[in-house]
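> Here it is, the structure, as structure tokens.
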Amino acid sequence: MKVFPALTSALVALGTAGVEAEHVQRSLVMGGGTVPVGAKTYTVGLRTTAEGDTFCGGALISPTHVLTTATCTASLGSGPAEWAAVGTHYLNGAKDGERLKVVSAQNHTLYNPNNFAYNFAVLTLEKPSKFSPVKLPAADGSDIAPSMSSKLMGWGDTSYPNGARANELQSVELRVVTSNCTYTVGPSEVCAGGEEGKDKCAGDTGGPLIKENGSGDADDILIGLASWGMPCGHKDVASVYARVSAGLEWINSVIKK
């Protein structure tokens, strides 16, 4: 990692590190806008109660499995992930989508909490979701290319510092950075972002980074999960995402049991 000791890195990844002494408000999780109601329904909000606030993101990858980061299986100051809100547009409540009980969580066997290598976890749901899962990437990493456009979804803070969670699902366009990333990253990670005011932020950890591969959501490919980085939206500072293709063999071994 570039300069952070493990504890500071963890706090940044979870969005709990102290903010810097600046007061410029920045449009974040989005720099874009609100996802249309009924779109990107494979996006999952992790909650401690069925109708409580989402504290982490994830993606539905099979009718009974959610992929998120291993950091999200810890408490994050909110308690364990007991519920997965699938297909919902909102931060909390029961207006739409479905709320499914999480019955088990399994972290990647190579997950390292000190540097966030292989930051993957698979959650198993009590019953199948009615929503369609997102497509997983090719194992050879060919779904990622230098400077390609990607999109992040989440309910995280929409301004920095002193931001507040988004009540409605947000998305932001981010450029993938495959070389000259701000940080030293391993083969299980990929960087994205670097444009001022466009970034993941507190509350977005675990959220899906996708490649839009066609005209509809059914063509979307899950390439990453929001993992860690500096406080949000800094110019020329890309954030780090768990590279899904790097964990694919393990992911498939879990969901096919």
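Every residue gets a Cβ built from N, Cα and C, even glycine.
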> State the disulphide partner of Cys181 as given in Swiss-Prot, choosing from Cys191, Cys201.
Cys191
> Counting other Cβ atoms within 10 Å, pick out the least crowded of the disulfide-bonded residues Cys72, Cys181, Cys191, Cys201.
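Among the disulfide-bonded residues Cys72, Cys181, Cys191, Cys201, the sparsest Cβ neighbourhood within 10 Å belongs to Cys181.
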> If you measure Asn107 (N-linked glycosylation site) to Cys72 (disulfide bond) at Cα, how many Å is it?
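Each residue's Cα considered, Asn107 (N-linked glycosylation site) and Cys72 (disulfide bond) end up 10 Å apart.
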> Residues with Cβ closer than 8 Å to the Cβ of Asn180 (N-linked glycosylation site), same chain and 6+ apart in sequence?
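Listed in sequence order, there are none.
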> If you measure from the Cα of Cys72 (disulfide bond), which of the recorded positions Cys181, Cys191, Cys201, Asn213, Cys232 is the nearest?
Cys201
> Looking at the recorded positions Cys56, Asn213, Cys232, which has the shortest Cα distance to Cys191 (disulfide bond)?
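If we rank Cys56, Asn213, Cys232 by Cα distance to Cys191 (disulfide bond), first place goes to Cys232.
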